[in-house]
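Per TrEMBL, these features apply:
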- His158: active site, proton donor (ACT_SITE)
- Glu282: active site, proton acceptor (ACT_SITE)
- Asn62, Arg63, His158, Leu159, Tyr160, Asp221: beta-D-galactose binding site (BINDING)
- 72-93: region 'Disordered' (REGION)
Amino acid sequence: MSDAIRRHVLRDGQTEVTVLSLGCCVQDWQVAGRRVVLGYADPEDYRANPKSMGMTVGRVANRISGGRFTLDDRTSDLPRNSGPNTIHGGPDGFGKRLWRMQPEGARAVTLHLASPHLDQGFPGALEVSVRLTLDGAALTWEMLARPDRPTPVNLCQHLYFNLALRGDIRDHRFHIAAERYTPTDAATLPTGEILPVAGTRYDFRAPQRLAEIDPGRAGYDLNFALDGGAGPAATAESPDGMRLRLWTDRPGLQFYTGAHLTHHGTPRPGVDHAAFGGFCMEAQDFPDAVNRPGFPPTLCTPDHPYRQRTTIEIAPT
């Protein structure tokens, strides 16, 4: 495969989304000319991309404690890229790869990736496809991963959103349809518990303005156990009424408010990559599920491949 980064633009109505073959990445998303995601102006900056901006994360998103897990009495040792742990599939995860891009006109594109056996230490070869479809103001990810033997899979989109024209996201209001969350330790690893959000700073069952619920600017980087149901799993809204709504069939949502964002490369015009410059809502399975028997499993097999469908709509209210 050529080392060149391919680009495809999806358009429908007032919405325009730019997709890159590197990392199966959303580089840009505009609604009526307003840029609503963070991103780099130069596609080459995505080769480093230390904050996973816009990419599709895999083979296993989020953290794996100790960089290892045991499957069928065999322990897999993974390269560590977050202290003693592995995050987002390892240092050469799916977000760092060139995917094969298959455009399907102005409203859809499919990207393909072949991951060999023992890729980043994970057992089993994996054939991955991600179809992105734009329908009006809504972008849908249809993810499919077929292994040749049992292996954990947990894919997610890792876009950073800022729905305002300028400034940080602390005036945004957030809602997450989750009565429970998975608490973490000092290393942001899940403790294995699943606890109620009631009475905690993690209660977003009613919309909360970030600056009010987090006055100390500690930020959030946490997985929520979604309630499920037909309604949106999460919403966000800027002070001037630009609204994001997310639907997913995944059991979890990692909510990250960008407290540790730093400048790297050249941002696209009008975008600031400073702390709290953007937020992530990562539809996913629970973090470290391969080492947490009380969490929903992430194991896929040839007979039960991985599938995910997530839709994000961004439009004025």
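Numbering starts at 1 and runs along the chain as displayed.
Placement of Cβ uses the backbone N, Cα and C atoms for every residue, glycine included.
Fair warning: this is a prediction, and the values are worked out from it, not measured in the lab.
Separating the Cα atoms of the residue listed as 'active site, proton donor' and the residue listed as 'active site, proton acceptor' is a whole-number distance of 6 Å.
Tyr160 (beta-D-galactose binding site) counts 25 other C-beta atoms within 10 Å of its own C-beta, drawing on all protein chains shown. Counting residues per DSSP class in helix, strand and coil order gives 0 helix, 9 strand, 13 coil for the region 'Disordered' (72-93). For the beta-D-galactose site, whose binding residues are given in the record as Asn62, Arg63, His158, Leu159, Tyr160, Asp221, the maximum C-alpha distance rounds to 19 Å. Taking CA atoms as the reference points, Asn62 (beta-D-galactose binding site) and Glu282 (active site, proton acceptor) are 9 Å apart.
Each residue contributes its Cα atom, and for Tyr160 (beta-D-galactose binding site) and the residue listed as 'active site, proton acceptor' these two points are 10 Å apart.
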